[in-house]
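Some notes on the structure that comes next.
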Amino acid sequence: MAKVIMTADDSASVRQMVTFTLKQGGYDVVEAVDGKDALQKLSSTKVDMLITDLNMPNLDGIGLIKGARALPSCKFIPIVMLTTESQDSKKQEGKAAGATGWIVKPFKPEQLMAVVKKVLG
Amino acid sequence: MIDQHRQAFKEEAYELLAELETSLLELEEQPDDVDVIGRVFRAMHTIKGSGSMFGFDDIAAFTHEVETIFDMVRNGKLKVTGRLVNLTLAARDQIRAMLDGADDGGGGVDLKASGEIIMGLRELAGFQPAAAEPPEAAAAAQKPVNLATYRIRFAPSRDIFITGTNPLTLLQELKELGTCSVVAQTGDFPCLEEIDPEACYVYWDLILTTDQGDNAIRDVFIFVEDDCELRIEQVAEHTQFDEPQDYKKLGMILLERGDITTEEMEEILAQQHKFGELAVSNGILDQGKVQSALVEQRHVKEVRQEKQATEAASSIRVPAERLDLLVNLVGEMVTVQARLSQTAAQREDAELVAIAEEVERLTAELRDSALNIRMLPIGSTFSKFKRLVRDLSVELGKQIEITTEGAETELDKTVIEKLNDPLVHLIRNSIDHGIELPEARVEAGKPAHGTVHLAAVHSGDSVVITIDDDGAGLDKEAIRAKAIEKGIIAATAELSDKELFSLIFAPGFSTAKKISSVSGRGVGMDVVKRAIELLRGSIDISSVQGKGTRIAVKIPLTLAIIESLRVQIGEDSFMLPLSLVDECVELTREDVERSHGRNLAHVRAQLIPYIPLREHFRIQGTPPEIQQIVITQMNGSRVGFVVDQVIGEHQTVIKSLGRAYRDVDGISGATILGDGSVALILDVPQLLQAVEAGQA
């Protein structure tokens, strides 16, 4: 069965690109429009990996990572956050919250796939 | 970038800009509202991030400036003022103009206005934020790195699992960088009741030989370098030819790693036993550390040996023509030697016979070593295919990994050269027709990426090259239907799998539903088969639907000299490649009459079709009372060739035919016999084809 990856991002175009790239790579994708939506979906859907933006309305990426790690089903899944160069302190915050790694925006589809392969094996 | 994504971004950006306008107007009313400031920042941030992802670099660069200012506002470093709101509104309009103009080459955007807005914002912030540095600076030109061996100790923090990191994927990634030996260190495991199942107690020692440099190694650990103990040391660089075979002593390695002190080492050395055993039994080291150092010792030794082997192989460079000349001369020599032996036998002169025998022995040795010089490992051809697979995967949107085995297998240089095109075609076929698209693979319960496995192995005087793919396999029904449609087989024909698969070698046969840029170039499998047969090789297919296809190509080691069977028709001599000959049986005139002109012989209750070569080549004269049938075997079917007489086995030096004879069907070359006369070498596969075509 294909592995399921959730993309949590308030930007529809980024979600579209991430989804498109991951589906090309043979993964199933669940989309969430912000942290709150993601957390809700995570409690009912089993995912193998989470890719989340940091800046989102309602619940931001850090909050989502903390919330996800508190769910038994998400305790050990890879969580990758989308950051920008200028957010180095956020990166540390994210790691402390339990993020596995990060992707620096802007990224190309191949870079996304490389990171997915790296953390998902 | 795909247009559809760009369009999606534009639509989204327009929405965001509309929102931004509302937020900014709100901000003017309530300059201290943190929520609104956050909204403005996020809108800018999204436009910037997505913009540059979808190729709107000008928008990204411009928005970056505005975002930087609002980051300061967000952090309380800057107050919201009327001027700030005005400038930001202007910036918003500017972004909109850039979006509008994006599809007609960016025309109509007032660059001067952009500059003024940015200047204004920077002034407000009271500093000169550096423009976004182009990321290229970081990716400075990388020099090619030499092959080097690294000693890596990767000790993740106990709580590495809670960040969802799987250390095994990192080890796997390292393995892909080169030759890697891994030793897991389990010495830190607590006793059972103290184990926290969510903690990582293992650490790893790795020895990696790679030409990627230490940055590539560090990149593997990029996400975990802060929460693990990571040591990367270069222990050897493989540049010298004359590295000593013996690698460092075990004690030396442990000392360098800091696992042991000089005093401890000397103490152990004072006792006359094996160092590692003693270190462990004395309780100075645990078994894992010693094991790890031993692995390093072995690893470096192996890498050196391998390197020396390849260096030795390339230690003399000789132009190919000189080798060809040498082999040609050896060929002449073999011919003359045959003549000498023949003459000596006729003269009944004991001394001459003795000399002839001596010359025969030397010639055989000379021949073997001359041919050996032309032997090359097939590895370089294999590595070319890696590129091919990579390019094709990208082109076809498939994920394909290629693995190879037996790259060291040696073949004659000319065989390797001539093998290249057929193999390329077969690999293309495996990738294009065999391996499915990732979605289809996943649906079929297979991993998204397919595998093509190339292997070469010696088998007697031949080499067998197999191409295995784990793709869809051949569709028997589709092949059958196509063959019936093309009139190759009858609708009622019952064929074994093997026979069915071999149909794809029929000219003009293709099961591809549509012609892609990869296949369908007018080169069919029939051409591949022909090319392999010209090398006096054979090709064999097996396939399981849904599981994959294996193509095995068997080819002789060399083309210069073959073992052959010499036969005679009238005054003419012919040669048949011995590797294809199964047996020889007699054919009496009675037998011929009994078969009523159908050219079928009974051999041990089996009917074997035969080709009377005398008729085929229109040789004058009458055949003898008892003729001989030389039965050959090709791709599982047995066919006989009727000749007057079988003379015997013969070492045949192949001479190519002149241009005038190049297109003669059924003849692949010629050779010179001991008495100076010429014998033609029969092209068995082509003869079979010609006859089959004639019968159809």
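Yeah, the Cβs are placed from backbone N, Cα and C, and that goes for glycine too.
According to TrEMBL, the features are:
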DOMAIN    B:1-102  domain 'HPt'
DOMAIN    B:311-559  domain 'Histidine kinase'
DOMAIN    B:561-693  domain 'CheW-like'
MOD_RES   B:HIS45  phosphohistidine
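In sequence order, B:GLU67 constitute the residues six or more apart from the residue listed as 'phosphohistidine' in its chain with CB-CB distances below 8 Å. Mean per-residue pLDDT, taken over the domain 'HPt' (B:1-102), amounts to 83.
The helix, strand and coil residue counts that DSSP assigns across the domain 'CheW-like' (B:561-693) are 26 helix, 71 strand, 36 coil.
According to DSSP, the domain 'HPt' (B:1-102) comprises 86 helix, 0 strand, 16 coil.
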